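Before any comments, here is the structure.
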Amino acid sequence: QKLCTMAGPDCSPQLIHPLPNKSLLLAVCAAGIGGTFQYGYNISVINAPTAYVQDFINQTWSKRYQTQISDNGLTLLWSTIVSIFTLGGLIGAMIGGTLSVRVGRKGTLLTNNIFALLAALLMGLSHPTGLFELLIIGRFISGLNAGIAICVQPLYLGEIAPTSLRGAMGMGTSIFITGGIFTGQVIGLRELLGKEEYWPILLSTTCIPAFLQLLILPWFPESPRYLLIDKGDEEGCKKALKQLHGIADCDSEQEDIEKERNNLSGLQAKKPWELFADRSLRWQVLTIMVLNAAQQLNGINAIYFYAGYVFKQSGIPSDKIPYATVGTGACECITALTCGMLIDCLGRKVLIMGGYTLMAICCVLFTLTLTFQEASPVVPYLSMVCVFAFILSFGLGPGGVTNILTTELFTQNSRPAAYMLAGSVNWSSFFFIGLVFPFIVLGLKQYCFLVFLVICCLVIIYIFLVVPETKNKTFLEIQNEFQSSKKRQIGFSDGAGTILLSTSI
């Protein structure tokens, strides 16, 4: 047993949270290692061999066409290799929800490893065959794998966890993303696989997490909710709950699942576009769209963009900057773990609002330190503090809580479609910020963080007014709270046909 000592309206020293079953923890690890770990790993691992891959493209082009490739052509090919990952991710997110309904959450995660293995093979063969096109195809397939994983893994984790531990278990998504980023940064160091001759091996190491998941995940059950609500398998559901939660806790969880099944009796799994037509889900849909867009547009990508410049200005030698970058990955990893320990005590709303508030403050401070970078020798160090503070704030709230809310705001028949929609918005925003951000920096320079300040402030206001606290509530209770909330009253007049929307503050 674990005592929650943090003060709060629903969290007193008397509130006891049970420790998760060992089997449940192992199931989370098995899902994560071949799931969102791959997403984080593929984002960071491509950075280390940048110069080597560009040299390979240059040499291959010269041998093939007996002429040097232009600088613009080289930049275009490299940008394609990097950015096509997001296109694959977008497509993966669009099909992930459908696959999770047809073959199950666990079945989709296992099947998804085919893409990871194929991508690793293609990228590993690119150098021996002299075909840089294989890198483009491999990165696209890696994106497909990541898009499906980031859609289905949170779905699986949210459905296998007991209500009291849903937040902590759901944080597994964020923990494995940050773990993947950190691992990719470490493996890419020169002391490991960061040398020129090793870059094909480095890019093909994505096969290792895939093999691990194929070995471990089959020993754990399918989502109990999927078994009972989608498949009507009561025995399978009970067996899964016993393995994941223990014999003592499985009955109460099965009762909650049966209540949800009875409530959804006769209803089919919704398609993403059907969510927009359902008036009872409009606020939930708007919420996940706002939060997933904000997760990419809140300035975290800008911080990583400026990190190298800030480290250099702080006096860190160029050849040591990769080690400082590893520090940012470790920082994000530690914050995700901290958030996992706090989320079921402080609640989702406090953490995500607190995270965005701290990020807004960091945007102001970072703008000031970048503006007055030459004013004092101390200022570059203050900029470095702002980098780490921003990353900590992101990991504490938006980085981890967003995916959990996508799970909690929907019931079983609409949850896969919600994840498809959330994933599509997230990947589209990722692609958009990658496309537009260089021009924002070119036009506004350090003042670009004022744009992110406005975004953070708007999200804080939206969460305060619209998003309820979901801690320790069943999925049905959360749905009922949205539908009966007095904060959002929509009235339709019969005569003039006007719509009155009132939101009480």
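Backbone N, Cα and C atoms are what each Cβ position is placed from, and that goes for glycine too.
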Inset, instruction - Have a look at 28-47, 168-187, 268-287, 328-347 and point to the one annotated transmembrane segment in TrEMBL. - result: 168-187
Legend entry - Contact check, the transmembrane segment (350-372) vs the transmembrane segment (168-187), 3+ Cβ pairs under 8 Å, seq sep 6+: no
Legend entry - Most Cβ pairs under 8 Å with the transmembrane segment (134-156), selected from 76-97, 109-128, 168-187, 199-220: 76-97
Legend entry - Ranked first among 199-220, 378-405, 447-467 for CB pairs under 8 angstroms with the transmembrane segment (168-187): 378-405
Inset, instruction - Would you mind giving the whole-number mean pLDDT across the domain 'Major facilitator superfamily (MFS) profile' (28-471)? - result: 87
